[in-house]
Every structure is written in C-alpha cells, then in structure tokens.
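Take a look at the structure below.
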C-alpha cells in the first residue's frame, strides 16, 4: 500500500505545533520519544516465547503487590531510557516503581511530568492476547528546584496529552493532545507510525458491555441493577439485547470501545476493603479517561467524572466506568438516584450460577 499521502506521526505533530507559534518543540520531542519506546516494546512483545532465553530477569513483586513479568521490567526500562535524556521532562512516575524517578543531573530538566503503565495486561502475554502501554503527560510546576510526589497529584483535567499503544495483530498508537483523538498504525516496513484513524469517535449508544461477572457478589447495588437489566435483554426494561465482553486487558477493552462503542465497568466493590477500586487513577484511569472524553464518550467513577477526582496518592486505585455516553450516564444515575425508574434488583435471579441469596 502506498503511504505517499498519509501523514506520519511526526508530520501530524508538526501541523499541531503550527497552531501554537510560541511552542518550543519540547512537547513534540517527548511524544516522538514515547513513540520510539512503544516501537521497542512492540518488538519485544512480538518475539513471544522465542524471547524467553533473552529475558533472564528475576521475577519480582512491584509496589502494587503484583508479580512483575520480565517484559514488565524491560518495558519500564524502555520508557525511562528513551525519554529521560531529551531535556523535556522534570520527572516521571511508573506503575512499576515505588517513587517518582527524577531526571538525572547530567540531562537538562524539562517542563513536563510523565506517568505511564509500561505494559498493561502483561498477564495476557502467555495466551497471546493484545497488551499495551498507557501514558499521561502533565506540566511540571514552575520555579521548583525538586519534584516531589505531590507534583504528580493533579486531576485528570490538567493533562496535556494522553495516549496508549496496543500490541496486537498490528501495533497502533492512539493519541490525544486535547483536540480529539487520532490513531496511528505502525508500518513494519518503514518503521513509521502512519495516521490511519484521523477522527476517532465513540457512538453515544451501544448494545455491548464489559465487566468481570466473577466479582458479582462484591458489587454495589447500582452495578448489579445495571448488569441485570442488560442481561434481561429485549424482555427487560432496556428493551434490547446486549452482548457481554471481557478481555482483562484495559488497552484492548478501550480499543474495542473506541472502534465500535460499548461500556466498560471495573467498579468500586467490597472484595478488598482496602482497595475499593482496582485500576490506578494516575496511570490508567486518567489517560484513558482523557482519550474517551476527547472521543465523545464519558469516563466516570460511577458517581461522577473521573477526570475531576483530586488524587491523594501516587498509586491510588479507583472504580472506573467508561464508554458510550448514554450508558455511562445511566450508570451514574443509578448510583446517584437509586429510586429512578425502579426495576427488580436481584442479579441474575433466573440464573442460579450467579445468584446471591443474601441480596
């Protein structure tokens, strides 16, 4: 296929920069270096089992209490080493690191902060399911001599850019700089990200939802109600049939919803009281939330906009619901106004496999 008239990521960023003549170019350089990191990670992921002999990394436990696979460590190093040197970052924070990483003194200090999940869904690698990388860019505070954790604790509304790479049948980079959402496909022959999806939009309505029903007994009543209504299909209060999906890869779930609509729920529950949510606010929910909102969807905690949440911890977890606007707003309504349009609440009442007799 000829790419003669298809913009590259570099060309796209140059065109965006022309809208702001005062811009220094640091922002473009940061995005391009993150794209380089994603290319490097894509190559490592593509080797699959063939790379096991090269991944002689001892298994460790990260700050989240989760087992780090060798590719988690390698991907984290890719992001750090390919972005620390350029002079546009003041510090970075990763899901895989306990504390922020301050840019070494031998490199110029920049104006931005980078947060990232270097390899989301890495537990799926062994079964060859799509995985990805997620990133968020914030402005560093001016006039401070040293960056601290508090400087990263900015609500999602303060993000300058957000994006993810998905490593699947093709490698794609999905990006927002606050002017809609665009998607780039990696051309394996030329090694360039090419603009293939210039205006990604999420349909307002959907007949598809994604949730892990094995956690049903831990859900709050509004979530149980929503899922019950979906499962009742045409004979229920929604008057239409729904399909259910669950990939256990946030990037893969997001990409499907951006491609054809849907709603994703990883809600707050009582499975582990110390972890009322599962997904990380700063590394996952905020960047995905910005992308979804810029694509015309809605991103929520279940109660209200996730991008307006004021973070309190670097590795804070939170309930997360996002996707087609109509469905997310319905879920918010069920949380905030439980008496609206009452329906039968018992979840899966005719499906004894999931029925919770304590409800």
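Don't overthink the numbers, they just go from 1 along the chain as shown.
From the backbone N, Cα and C atoms, a Cβ is placed for every residue, glycine too.
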Looking at Swiss-Prot, 117, 120 are annotated for Mg(2+) 2. Which of 272, 284, 293, 308 sits in that same site?
284
Site-mate of 117, 119 for Mg(2+) 1 in Swiss-Prot, selected among 95, 96, 99:
95
Inter-residue C-alpha distance, residue 284 (Mg(2+) 2 binding site) and residue 121 (substrate binding site) (nearest angstrom)
11
Within 10 A of the CB of residue 120 (Mg(2+) 2 binding site), the number of other CB atoms across every chain shown is 30
Note down the number of other Cβ atoms within 10 Å of the Cβ of residue 122 (substrate binding site), including every protein chain shown.
21
Tell me the Cβ neighbour count for residue 284 (Mg(2+) 2 binding site), meaning other Cβ atoms within 10 Å of its Cβ, over all protein chains shown.
26
Integer Å distance between the CA atoms belonging to residue 122 (substrate binding site) and residue 95 (Mg(2+) 1 binding site):
13
Residues 120, 121, 122, 123, 212 [recorded substrate binders]: greatest CA to CA distance in Å
18
Between 123, 212, which of the binding-site residues has the fewest other CB atoms within 10 angstroms in the structure shown?
212
